[in-house]
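Asks: Pasting the relevant annotations from TrEMBL:
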type	residues	note
COMPBIAS	1-11	compositional bias 'Acidic residues'
COMPBIAS	14-33	compositional bias 'Polar residues'
DOMAIN	49-176	domain 'MARVEL'
REGION	1-33	region 'Disordered'
TRANSMEM	53-72	transmembrane segment
TRANSMEM	84-107	transmembrane segment
TRANSMEM	127-144	transmembrane segment
TRANSMEM	151-172	transmembrane segment
Amino acid sequence: MRTTEETEGFDGEASNTSMISGASSPYQPTTEPVHSRNVLGGIRCDMEYLKSYFGILKAVEVVLSLIGFICIETIMMCSPCGGVYFFEFVSCSAFVVTGVLLFIFSLNLHTKVPHVNWSLTDLVNTAASTFFFFLSSLVLACINHNTGAEIAALIFGFLVTCVYGVNTYLAVRRWRRGNGCQGAAQTSEYIRARTASRGEMEARPELG
């Protein structure tokens with residue numbers, strides 16, 4: 001029979017062996033904390049954007065488009081109805097698209113998708129809304145029955161056309177300014193690379 005000291009000696013050796021094998025094993029459990037990805041982290045209401053010219057214009061466009069859509073929806077009878085349907089489609093589309101862009105910009109969601117040119121996207125939306133609102137208001141002015149709802153929709157249609165026009169002008173200026181800065185940065189980077197390459201050529205010793 002093994003004595004108590006021998007048993008304790010074997011237990012100690014087994015414990016040391018297990019510790020050594022555990023230390024040398026490549027499959028050790030990690031103790032590093034696992035951080036879950038917070039996709040919606042950093043979302044906040046950008047009050048500076050809402051107080052800026054673009055934020056105010058976007059909010060006014062959404063409100064006027066909604067009022068125009070409500071006015072045109074109150075028309076119960078029309079003949080012909082082409083102008084009414086066209087204005088209804090334009091006002092509803094502008095309300096939805098501009099409202100979505102206002103929501104994205106006011107919550108800084110556009111920073112989560114940096115590969116999209118948001119300045120150009122905003123410019124396309126404002127330019128298209130300006131054109132189609134002016135065209136639909138002009139068609140409604142030529143084809144209407146002088147009802148109160150049609151006249152109200154016509155007034156709000158031309159008002160929102162003017163607001164979209166101002167927004168388009170500011171968006172064009174912002175887009176050109178952004179492209180100018182990007183072009184200047186690319187030019188300076190090209191000049192810097194050319195200068196570095198020329199310096200390497202001058203520093204390279206001549207082959208005998």
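Glycine too: its Cβ is placed from the backbone N, Cα and C atoms.
Quick one: where do these features end up spatially?
Replies: Counting residues per DSSP class in helix, strand and coil order gives 107 helix, 0 strand, 21 coil for the domain 'MARVEL' (49-176).
Same-chain residues lying 6 or more positions outside the transmembrane segment (53-72) and placing a CB less than 8 Å from one of its CB atoms are 84, 87-88, 91-92, 94-95, 98-99, 101-102, 105-106, 122, 129, 149-150, 152-153, 156-157, 159-160, 163-164, 166-167, 170-171.
Using a Cβ-Cβ cut-off under 8 Å and counting only residues 6 or more beyond its ends in the same chain, the transmembrane segment (84-107) has close neighbours at 43-46, 49-50, 54-55, 58-59, 61-62, 65-66, 68-69, 72-73, 75, 78, 118, 121-122, 125, 129, 132-133, 135-137, 139-140, 150, 153, 157, 160, 164.
Same-chain residues lying 6 or more positions outside the transmembrane segment (127-144) and placing a CB less than 8 Å from one of its CB atoms are 61, 80, 82-84, 86-87, 89-91, 93-94, 97-98, 150-151, 153-154, 157-158, 160-161, 164-165, 167-168, 171.
Within its own chain, the transmembrane segment (151-172) is flanked in space by residues 53-54, 57-58, 60-61, 64-65, 67-68, 71-72, 87, 91, 94, 119, 122-123, 126-127, 129-130, 133-134, 136-137, 140-141, 144, which lie at least six positions past its ends and keep a Cβ under 8 Å from the stretch.
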Asks: Averaging the per-residue pLDDT over the domain 'MARVEL' (49-176), what integer do you get?
Replies: 93
